[in-house]
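Per TrEMBL, the features are:
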type	residues	note
DOMAIN	10-53	domain 'RING-type'
DOMAIN	146-186	domain 'B box-type'
REGION	238-273	region 'Disordered'
COMPBIAS	243-260	compositional bias 'Basic and acidic residues'
COMPBIAS	261-273	compositional bias 'Polar residues'
């Protein structure tokens, strides 16, 4: 019995059943848990099983399952209790909480159902994997923005993209205000947008590489120009300097000759008469 005690746990509070009741579909819950769950469906007028989502109208009258109650009572006498979930399983700030967990601390949701418009933790998600009816529901990674994925006019999944109006719509919109418009599936449009984005990024990268190459060539041209200017100045200044020095020496020699002619004593002693 201890090995199968999880069979006697409420899938809403995840604890051993308290005042167990069994719905017409065969699933069992704590009396308080299922009442609280169904109290949220009063305005809809349709009540569903939290596990298999089978609906009931009107609201079923719940009766205590005495057999289950006795089994749970024996389990409690043995000191066995349902193991509490690990601390990391509880939803924290920024996490999406499971819509079907009760109590002050709810478990972290793993997936959100776009058909049920609810998010589920690992335990409460099992029914979507086991129930034939729920297996058809579309599950996505847990998100708090479920309503953003639902058409505000028809309460259907936004799974169509209208290229005429450039917005996501549901399939009922294609028969209503978007009738005759150019539409594709949202998945196809997403793929096309990703392809276009990839091409745009490739073009930007190509232009960047071209500009980088042009800049490199420009820098090289400027460097070469500076080198040519330096060489030109060197070849221009050196001959001028050499010629100037030669002219200066010639002027010095000329001044020396002039001094010699103007002062004969410097050329040698005078002859006697």
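Even glycines carry a Cβ here, placed using N, Cα and C.
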Composition by DSSP (helix, strand, coil) of residues within the domain 'B box-type' (146-186): 8 helix, 11 strand, 22 coil
Average pLDDT across the domain 'RING-type' (10-53), rounded to a whole number: 86
